[in-house]
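Taken verbatim from Swiss-Prot:
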- CYS132, CYS137, CYS143, SER378: [4Fe-4S] cluster 1 binding site (BINDING)
- CYS163, CYS167, CYS170: [4Fe-4S] cluster 2 binding site (BINDING)
- 405-416: compositional bias 'Polar residues' (COMPBIAS)
- 148-367: domain 'Radical SAM core' (DOMAIN)
- 396-416: region 'Disordered' (REGION)
- 1-33: transit peptide (TRANSIT)
Amino acid sequence: MAAPTRSLRRLSSFRTTISPSLTVTAPIGCRSYATTDSSSATNTPGTTRRRATKFQDKLNAGPSFSDFVSGGQDEPLDPSEAYALKTALVGPAGRKKEMTRLPEWLKTPIPDSKNYQRLKKDLRGLNLHTVCEEARCPNISDCWGGSDKSSATATIMLMGDTCTRGCRFCSVKTSRAPPPLDPHEPENTAEAISRWSLGYVVLTSVDRDDLVDGGARHFAETVIKIKQKKPSMLVECLTGDFRGDTEMAALVARSGLDVYAHNVETVEELTPFVRDRRATFQQSIRVLDSAKKAVPELVTKTSLMLGLGETDEQLWDALRQLRAVNVDVVTFGQYMRPTKRHMAVHEYVTPDRFELWRQRALDMGFLYCASGPLVRSSYKAGEAFIENVLKKRRAGSGTAERTVDQTAATTDEATR
């Protein structure tokens, strides 16, 4: 009987060591709660309420839930207040940094519509990629969220989702040795587009410097497949620079497409700091020039990002060089930093400035200019004005079908 006695003594000593004010409220062997003598498990009528914290005071002083849901602002803000940039302190205590918050005019809704989910399902089923997703485009809810597929625009990204270049503004994955091309991609792309009652489609791609032709023949084959399935479809190709090989740019231009697009991205002075070292402003100019010379009636198009630190003089010079090679369409959009690993935003350009540059571009003789904070190179590419211009040019030229046949024969011969 000595062992139980020692155990009880040990328990008694342990209880005293913890706190002399603790009281065990149940026999040994039963689970129980230990409380201090000065407190009680139940509130007495005379117990005072806990004093409100500073956090509660801030909540009570702020807007109500109904104000939060409705936005709290019934009257529109004046331009000076609407365009004002706000800052916030972020980070752990002692290491907080001041960051500029995203302006109100750059905020977009989260995509969740049924049409968005339907388009995404179709693309996944055919193993296709879109630049809308890979480049985290802020307009995806607008372009994919129409009430039906005919009002939607999806920019198909050919040749996989991995690029061989690493531009400092782009969030697309990079690798020196991306996966090989999918030989069924041109047919799958044409099949996906035929399912949607679209009148205009945009094809783009990652840069494939690992391929001899840079993927030019893959582009041409995809355009040919689409035109075979739906000749009335208007096709825009947003290509890379093919390492400056103007013959490959001309090959794509002759494939039967309607708009040849290649983005210079920024002004010439900032190109070495923004784009991959293998890309130059003059190389892009030569690509656009070769496409126009290959098919003079072809609409050529490019895009520039603002907010990277460019000056007005540099923008003027870039536009003059683009007009010198007869580029028809130019777009301006705000650069938005995809992640902290990418180059920082130098300036958030206001909508008024975008409108000013739109007017300047039109005054210089550009056929069309889309300019705004959320505008991207393929955003609303098939607007009625461009579609009407393309249809008029197509009606006035009888060479479109012959060009497609000639390019198809050239592509087949090169493949063999």
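Glycine is no exception: its Cβ is also placed from the backbone N, Cα and C atoms.
The Cβ neighbour count for CYS163 ([4Fe-4S] cluster 2 binding site), using a 10 Å radius and every protein chain shown, is 23. Summarised as a single figure, the pLDDT of the domain 'Radical SAM core' (148-367) averages 92. Other residues of the chain with a Cβ within 8 Å of the Cβ centroid of CYS163, CYS167, CYS170, the [4Fe-4S] cluster 2 site, are ARG165, GLY166, PHE169, SER171, VAL172, THR174, VAL206, ASP207, ASP276. Neighbour counts of Cβ atoms within 10 Å were compared across the binding-site residues CYS167, CYS170; the minimum falls on CYS167.
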